[in-house]
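The next block holds one structure in the form of structure tokens; read it before the comments.
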């Protein structure tokens, strides 16, 4: 079939169906079913998910991305559905049952874990430690440092706007300040917040991301079939470029152009920050250690679905006449973010309802008032004379 770029692709629907049928026939006729209810339940759930993924990879609707292959993005779309259904299941359990259910995924889970405190001694240079006066800095240099850099590099490729990335980066540090009374690992030293996170890890990740975006925007997108390239060097280069976009779309968010786009950008920033907070709160309420592979898998999941969701949101905002509804991946990511937050609220309402310090409340109230005031001035007061003159011209034209 032809994709929306006019590239011929084979779906392999019959091949996948044949292989799936052979596997089911083998399990049914040639394999003896174990007399272990728990094992059979796990295996049945995994098999059901695999069958759904096989169906989705071959039959689901294509999204905006086609490289390295449309089936890759259809796979992640189906994984998104499975993850949302899993979250809904967890949401409908009691707190005890939900936490103990995690033992079926990993027997080591289901037990409360202490949070690590990143605060404490905040001296960058500790003269009292003659062996290593910079030990506080080295203690913070854990695996989360490259994770911060890589995470913001990828987020920049998703958002494709320097200002939005910096706003989200800085806003999240303010959120950590505001919520450190709820989660101990939000309590970090000032230099950990602003020097290591915002300037070094996040800032360097955003800078490298913007450089990559500049390269992608200038790169020529003229594709040639692999077997039409005469040299081996050219073939290797063509295979490597298969993992780059088929074409490039520059995001121009223009938040100050209309009140609708302004509110939409605010909504995107809010959902981004909520998804970031969910990372910490989910592992807190479900008793998962930060280094657990499920935490890493969730981040890998958002890396693969976040870019598609942002592209669908941008298309929906930029050309609503052509894109009449929000894209499927964007819809699911928004639903997942809300569902994760609802799990956090249900599983530990006491932590969520811990009173925010009055000084922090004052700062957030002031920020909200400033945003609301600027919104009214920019889109209603400042635009009122131009709108009045436009209506006056229309009236004269009618008369």
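Residue numbering: from 1, along the chain as shown.
Just so it is clear, glycine is given a Cβ too, placed from its N, Cα and C backbone atoms.
Heads up, TrEMBL stuff is auto-annotated, nobody curated it.
Feature annotations, reproduced from TrEMBL:
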- 12-31: transmembrane segment (TRANSMEM)
- 43-60: transmembrane segment (TRANSMEM)
- 72-92: transmembrane segment (TRANSMEM)
- 162-179: transmembrane segment (TRANSMEM)
- 191-210: transmembrane segment (TRANSMEM)
- 262-281: transmembrane segment (TRANSMEM)
- 293-310: transmembrane segment (TRANSMEM)
- 330-347: transmembrane segment (TRANSMEM)
- 359-381: transmembrane segment (TRANSMEM)
- Query: Apart from its near flanks, which chain residues at least 6 from the ends of the transmembrane segment (330-347) lie with a Cβ under 8 angstroms of it?
  - Reply: 77, 80-81, 83-84, 87-88, 90-91, 95, 98-99, 271, 274-275, 277-278, 281-282, 284-286, 302, 305-306, 308-310, 312-313, 316
- Message: Six or more residues beyond either end and a Cβ under 8 Å away: which residues meet both conditions relative to the transmembrane segment (293-310)?
- Response: 63-65, 73, 76-77, 79-80, 83, 105-106, 147, 151, 154-155, 157-160, 251, 268, 275, 279, 282-283, 327, 329-330, 332-334
- Beyond the flanks of the transmembrane segment (359-381) by at least 6 residues, Cβ under 8 Å: 174, 177-178, 256, 258-259, 262, 266
- seg_contact(the transmembrane segment (72-92), the transmembrane segment (43-60)) with at least 3 CB pairs under 8 angstroms, min sep 6: yes
- Message: If contact means at least 3 Cβ pairs within less than 8 Å, sequence distance 6 or more, would you call the transmembrane segment (162-179) and the transmembrane segment (12-31) in contact?
- Response: no
- Note on the structure: Among 12-31, 191-210, 262-281, the most Cβ pairs under 8 Å with the transmembrane segment (43-60) come from 12-31
